[in-house]
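To start, the structure under review is shown below, and the notes come after it.
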Amino acid sequence: MSGIRDYAKLAQSILQEVGGQPNIVDCSRCATRLRLILAQTPENAKARIQSLPGVIGVVESAGQFQVVIGVHVAEVYSQMAALLGEGAMHGEEPRRRVLDTVIATMSAVFAPIVYILAAAGILQGILIVIQQFSDGFALTGTYRVLNFMSWTPFAFLPVFIALTASRHFRCNTYIAVLCCCALINPEWTAMAGKIAAGESITLLGLPLAKTVYTASVLPPLFLVWLLAWVERRVEKRLPDIVSALFTPLICFVIVVPLTLLLIGPASTWVATGIAAGYNALFNAFPALAAAIIGGVWQIIVIFGVHWGITPVVMANFDLNGHDSFQAFQTIAVVAQMAATFGCFLKTRNRELKTRSMSAGVTAIFGITEPAIYGVTLRYKKPFICGCIGGAVGAVVASLFGSLYYAFAALPGVLTVINAINPSAPMSFIGELAGCGVAIVLTIGLVMVVGFDDPVEETATASAGTASAQTSTPV
């Protein structure tokens, strides 16, 4: 926030510049951005908001007006929500491209739960490390308790998606949770196991698929989307006196069976199909896949569309128990972190040194937006150096066959341990080597290539005074 702590004032200023409450269709946030959907974008709003103290940058992407704030976005969002009240949730959303809608939905659904997934992923990584130094640890009660704790948010992921998606699609949260709980009911999991073993189980005469919905993404997401559509139509047709009771009942008996019969299997097939396509590229040309992800990932982050890959990554873990995408994604993040620290070492500007150090530390935790918008992209060359370092580092990791064996919600330095696997020791070594190459190469490039280092304002003022004194006639 650049020292700014008046979050209410900043929220009020942003609200005023985007045209006030009537112009805001929806307001949400992710780890670093305030994400607004506007009925219309006021002229010059982007430039005016970008100049506000505490704003790192503004991005218009995926049908959203994204205000990049950094680690204090939660405080600003809280003030914005208080200013908006419920009014922001009832505007008519402008028509958007399908791709923009998909990306905006993924962001709205996953951004609020990213930190709980990150916490669980880090705990899984810590347990993996402990097992390397204690052979009998996996047999202890302590390990068993911590292990099931680390898997809890993934096992109940459909419930978390119900909470966030119901807000995005504007339907009853409790009905959404009820329907998604049905998907992960142990009775259904047991039935799916029997179907997988060859038993034929039908619903209304139609055969059920063997799909298991724990840790799934697209099935609960499409379920809530369908629920929102059904709920609105049911409420319009029921008298108020019975609506409170019969709306949940009717929605429940329509949405869950449709999901089990059609939506669940179809959406799972889509996610696994995309994952299979990526895996085919990786298996055929691992270095090419690594270079693309390591070099391009931070460009994707710039446009705020990076949440769209989450279902594919989750499908990879579900299908294979591991994922290469996040292994290379981590190296891209580490390279951008290195570019920021490279700026810290190179610059003589005290304000840029402070900003670079702060953004670099934030990037250690997997959040690179402050580094990108506050430092590297602002001076262009450091950002390019980070992309080059990320691509080369990811290629190095691919030569070792590096994979992630635990999901990382915020890939970065702290999640490198997710590459540890006792039966594949080169995975972790390769991840370390890739990160090391990315760091050294990126910092080296920044130091050699350099950038337009901003001149200290005080120095400029002093130089101007001295020049004036010199040119003054005696």
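Placement of Cβ uses the backbone N, Cα and C atoms for every residue, glycine included.
TrEMBL annotations: computationally assigned, not manually curated.
Here's what TrEMBL has on this protein:
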type: DOMAIN; residues: 8-90; note: domain 'PTS EIIB type-1'
type: ACT_SITE; residues: Cys30; note: active site, phosphocysteine intermediate
type: TRANSMEM; residues: 102-128; note: transmembrane segment
type: DOMAIN; residues: 104-465; note: domain 'PTS EIIC type-1'
type: TRANSMEM; residues: 148-166; note: transmembrane segment
type: TRANSMEM; residues: 173-191; note: transmembrane segment
type: TRANSMEM; residues: 211-230; note: transmembrane segment
type: TRANSMEM; residues: 242-263; note: transmembrane segment
type: TRANSMEM; residues: 269-289; note: transmembrane segment
type: TRANSMEM; residues: 296-315; note: transmembrane segment
type: TRANSMEM; residues: 327-345; note: transmembrane segment
type: TRANSMEM; residues: 383-407; note: transmembrane segment
type: TRANSMEM; residues: 427-451; note: transmembrane segment
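Neighbours of Cys30 (active site, phosphocysteine intermediate), defined as other CB atoms within 10 A of its CB across all chains, total 22. Here the domain 'PTS EIIB type-1' (8-90) returns a mean pLDDT of 85 for the predicted model. Comparing 102-128, 173-191, 211-230, 327-345, 427-451 for CB pairs under 8 angstroms to the transmembrane segment (296-315), the maximum falls on 102-128. For the domain 'PTS EIIB type-1' (8-90), the DSSP-based tally of helix, strand and coil residues reads 34 helix, 22 strand, 27 coil. Across 242-263, 327-345, 427-451, stretch 242-263 shows the highest tally of CB pairs under 8 A with the transmembrane segment (211-230). Beyond the ends of the transmembrane segment (383-407), by six or more residues, the same chain brings 117, 120-121, 124-125, 128, 154, 286-287, 289-299, 313-314, 317, 321-324, 326-328, 330-336, 338-339, 342, 372, 376-377, 415, 418-421, 424, 426-431, 433-439, 441-442, 445-446, 449 to within a C-beta distance below 8 angstroms of the stretch. Within its own chain, the transmembrane segment (327-345) is flanked in space by residues 289-290, 293-298, 352-353, 356-357, 359-360, 363-364, 366, 368, 371-372, 375-376, 379, 382-383, 385-387, 389-390, 393-394, 397-398, 402-404, 408, 411-413, 415-416, 419, 427, 431, 434-435, 438-443, 445-447, 451, which lie at least six positions past its ends and keep a Cβ under 8 Å from the stretch.
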